[in-house]
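For reference, TrEMBL has these:
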type: DOMAIN; residues: 85-477; note: domain 'Amino acid transporter transmembrane'
type: TRANSMEM; residues: 88-115; note: transmembrane segment
type: TRANSMEM; residues: 121-141; note: transmembrane segment
type: TRANSMEM; residues: 162-182; note: transmembrane segment
type: TRANSMEM; residues: 202-222; note: transmembrane segment
type: TRANSMEM; residues: 229-251; note: transmembrane segment
type: TRANSMEM; residues: 271-288; note: transmembrane segment
type: TRANSMEM; residues: 309-331; note: transmembrane segment
type: TRANSMEM; residues: 351-376; note: transmembrane segment
type: TRANSMEM; residues: 397-417; note: transmembrane segment
type: TRANSMEM; residues: 423-444; note: transmembrane segment
type: TRANSMEM; residues: 456-480; note: transmembrane segment
């Protein structure tokens, strides 16, 4: 047997015959120090042909996916290629229908109105499906599955883009996680106020409790694939607060006089809030971590991911649409940024909805925190034995507990984080999901694209780059305006 050691991009070129290429697919392929070694049958030959009788393996190796014909990086403490497409679909749907949906009527529809708001949600869904499908199609590049967003960008562009993508992604995910803790705190306080409106339990205290519960959940769930039954529970909890908000809003809308749907604010304010709302529209559908989610899916990874995405953007977004549009219809421009604060109805029903929103937020946060957990577990915490061994559990308690403590402190310090999330969405979600997705697809598939397709992707790159700048300016202005109103550790 011979070993061929070459750069991974040149591997198949180095295999000189169809027989060699076929044989290479029958034996493990290992990656050591950035090179790829393929085991092929010895053919005798001349002096220039290297010969050996074994395989040299470095500390990092790659695992050949049976039936997929492609490598997947094994340098991770979490599971990959493990989940069916419908489990991944529920991961995506859980993120879309998190408690954030209770805020879109007041934060987006009030700023845009009926026509622009409805068209915006539908158009943003179509554009997001397109961009995420592009990312799904370049998950397998260079003979290897790229299981992290930064790995994909680094392979295509180099180390500088690897670091930049990593920075953008983790800032975005940190802000989303912090926002989830604020949401959980708001749900907890809203439930308390239903029974005792004495202002004794303030929002920062509720946020601290929410952060503690999120940490307890994180200690017991080692990786994203381990959510399993929790995804079903999350879906059930989502349906509770969505149905309650929908039914009570519908009843209020029927029983109240005509509402005012005019967009509040001066002409200048309307322009900036409209731009900021566009960034929020994009945030509603996108995770900013699609490669990490796709890494958990079973082969064939592209086809299965497409199924999951179509589920997310058809069945998965129907509950979101229902609660957003009915909520805005019922209360108009006076809709609260937390819809359950606007509805009227039996106290116990609203309390049940708030409890469901609280616990669903705890589960959803784990999805968006999983890339950070994966990095920390892989680099510092990989231990032998069960995921629930003393070593591994104690590591999660220490490291994840520390990470969520920082999240919780920032959440309590800046409970008006929505302004900062608009800036993060402009500087992170737009570039990662739309600018990079189109340019990476254009780079990888360039030789297979028609002239029209190339022009289309370049228009997306340029158009969304301009939108990044506009949304960033609008978000900075919003932060400056609201900083005069709110204070640190505010009890909103």
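Each residue, glycine too, has its Cβ placed from N, Cα and C.
Sequence-remote contacts of a segment are chain residues at least 6 beyond its ends whose Cβ falls under 8 Å from one of its Cβ atoms, and for the transmembrane segment (202-222) they are 78, 180-182, 184-186, 188-189, 192, 230, 358, 361-363, 365-366, 369, 373, 377, 387-388, 392-393, 396-397, 400-401, 404-405, 407-408, 411-412, 415, 489-492. The stretch from 88-115, 397-417, 456-480 that makes the most Cβ contacts under 8 Å with the transmembrane segment (351-376) is 88-115. Of the Cβ pairs linking the transmembrane segment (229-251) with the transmembrane segment (423-444) and spaced 6 or more residues apart, fewer than 3 are under 8 Å, so the two regions do not touch.
Through the fold, the transmembrane segment (423-444) approaches residues 127-128, 131-132, 134-135, 137-138, 141, 149, 152-153, 156, 165, 168-169, 171-172, 175, 279-280, 282-283, 286, 288, 454, 457-458, 460-461, 464-465, 467-468, 471-472, 474-476, 479 of its own chain, all at least 6 residues removed from its boundaries and within a Cβ separation under 8 Å. Residues 121, 179-180, 183-184, 187, 224, 227, 231-232, 234-235, 238, 241-242, 245, 261-264, 270, 273-274, 276-277, 280-281, 284-285, 287, 293-294, 296-297, 304-305, 307-309, 311-312, 315-317, 319-320, 323-325, 327-328, 331-333, 335-340, 342, 357-358, 360-361, 363-364, 367-368, 418 of the same chain, all 6+ positions outside the transmembrane segment (88-115), place their C-beta atoms under 8 angstroms from a C-beta of that stretch.
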